[in-house]
Amino acid sequence: MTILRKSHPLMKMVNHAFIDLPAPSNISGWWNFGSLLGMCLIIQIASGLFLAMHYTSDTISAFSSVAHICRDVNYGWLIRYIHANGASLFFICLYLHIGRGIYYGSYMYKETWNIGIVLLFLTMATAFMGYVLPWGQMSFWGATVITNLLSAIPYVGSSLVEWIWGGFSVDKATLTRFFAFHFILPFIIAATAMVHLLFLHETGSNNPLGIPSNTDKIPFHPYYTFKDFLGVIIILALFLTFVLFFPDLLGDPDNYSPANPLNTPPHIKPEWYFLFAYAILRSIPNKLGGVIALVLSILVLALFPLLHTANQRSMMFRPISQFLFWTLVSDLLVLTWIGGQPVEPPFIIIGQVASILYFSIILVLLPVAGLIENKILKW
């Protein structure tokens, strides 16, 4: 008789994906972030569901309903802070996951990589709309500024913005539709993540050496199920420590003031995980140019498979590319810092230099480094 997990139609799918899946024997802790992102998504959907039970998407009562959740709902404060900081954890894991993909050449699995980029866009859209829902000062003005960027699109821009707003300013219609989209998008993300996994399992995982691992595979369970579980425990412990001791560290104090269309905050800025893109947007004086740069700052990831010139897949044995990779990481940290600073000297020029360096490393320096390394390493 066949084992149930190998014969039952549903369990067979789970078996092929998480139990009998052949996996490379040498994948490191950097391969844990896929499962951690799955954990983040589950945490966000669960906490978000409970928040949605008590939240009201109306401009008059939205801010009060969030205060009510924190004060009157049993453990509402905990659910709210888990959800708010869960978004930060989600993006930390996302950026580390993408960084791993760039460093070890995982982008050579083109379908998996491109669906990953779609997932990134979906997650960014979800996070942006979620930030609007508490209807604080930064929620309102962040929504106004970011949606207004679409007005830079020639000919249809103004009509498009009013269509998204559902009126002539960010108001009740905007809040209601943002709540609806914020609720549905995580389920679309979950479905897209399944497709992401489907394509990954067509090729199998990459590994730190960037070489085929068909000669040395091990079953996913128990080796990587336990390894992933350890990662989940460590990250959860750090996350809960953060939520319980420093819940407001990453938030903006302005969001504790109710939205007021008549009073603009001195510095409008998004959440920390969007600051690098916001800095690139602000570094170009032209509105349309800034919007194009903003979109390209993420879309440029799709060019990685096309710009791969090295004969080795991974950066593990390519010192010039390694140097450029860590310069890129440092550059992104500088952009994140600049995005949170006011638009005044010397921050303007630092942001412009960092933006140019960001695109230069990806589009020019890394491909050139690959060619140089081919020569040096006699490939």
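The backbone N, Cα and C atoms fix where each Cβ goes, and this holds for glycine too.
Annotation comment: Swiss-Prot describes 33-53 (among others) as transmembrane segment, evidence class similarity to another entry. Below 8 angstroms of C-beta separation, residues 69, 79-80, 82-83, 86-87, 89-90, 93-94, 96-97, 100, 130, 182-183, 186-187, 189-190, 193, 228, 231-232, 235-236 of the same chain, each at least six residues beyond the ends of the transmembrane segment (33-53), sit close to that stretch.
Summarising the annotation, Swiss-Prot assigns transmembrane segment to 77-98 (among others) and lists similarity to another entry as the type of evidence.
Of all the Cβ atoms in the protein chains shown, 21 others lie within 10 Å of the Cβ of His182 (heme b b562 binding site). Annotation source Swiss-Prot lists heme b b562 binding site at His83, His182, citing similarity to another entry.
Around His196 (heme b b566 binding site), the same-chain residues six or more apart in sequence whose CB sits under 8 Å from its CB are Thr112, Ile115, Gly116, Leu119, listed in sequence order. DSSP assigns His196 (heme b b566 binding site) to a helix in the three-state reduction. The annotation heme b b566 binding site is assigned in Swiss-Prot to His97, His196 on the grounds of similarity to another entry.
Marked as transmembrane segment by Swiss-Prot: 113-133 (among others). Residues 48, 55, 57, 62, 66, 87, 90-91, 94, 97-98, 101, 106-107, 139-140, 142-143, 146, 170, 174-175, 178-179, 181-182, 185-186, 188-189, 192-193, 195-196, 199, 270-271, 273-274, 298-299, 301-302, 304-305 of the same chain lie 6+ residues outside the transmembrane segment (113-133) yet bring a C-beta within less than 8 angstroms of a C-beta in it.
The transmembrane segment feature in Swiss-Prot is assigned to 178-198 (among others).
Proximity of His201 (ubiquinone binding site) to non-local residues of its own chain (separation of 6 or more, Cβ distance below 8 Å) is seen for His16, Ala17, Leu21, given in sequence order. Positions annotated as ubiquinone binding site by Swiss-Prot: His201.
Sequence annotations record features per position, and here Swiss-Prot assigns transmembrane segment to 226-246 (among others). Outside the transmembrane segment (226-246), and at least 6 residues removed from its termini, the chain residues within Cβ reach (under 8 Å) are 29, 32, 35-36, 39, 78, 81-82, 85-86, 89, 93.
Marked as transmembrane segment by Swiss-Prot: 288-308 (among others).
Residues or ranges marked as transmembrane segment in Swiss-Prot: 320-340 (among others).
Per Swiss-Prot, the feature transmembrane segment maps to 347-367 (among others).
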Those residues of the chain, 6+ apart, with a Cβ under 8 Å from that of His97 (heme b b566 binding site): Phe33, Gly34, Leu37, Gly116
Cβ-Cβ under 8 Å with the transmembrane segment (77-98): same-chain residues at least 6 beyond its ends: 30, 33-34, 36-37, 40-41, 43-44, 47-48, 50-51, 66, 69-71, 116, 120, 123, 127, 130, 235, 239, 242-243, 247, 250-251, 271-273, 301
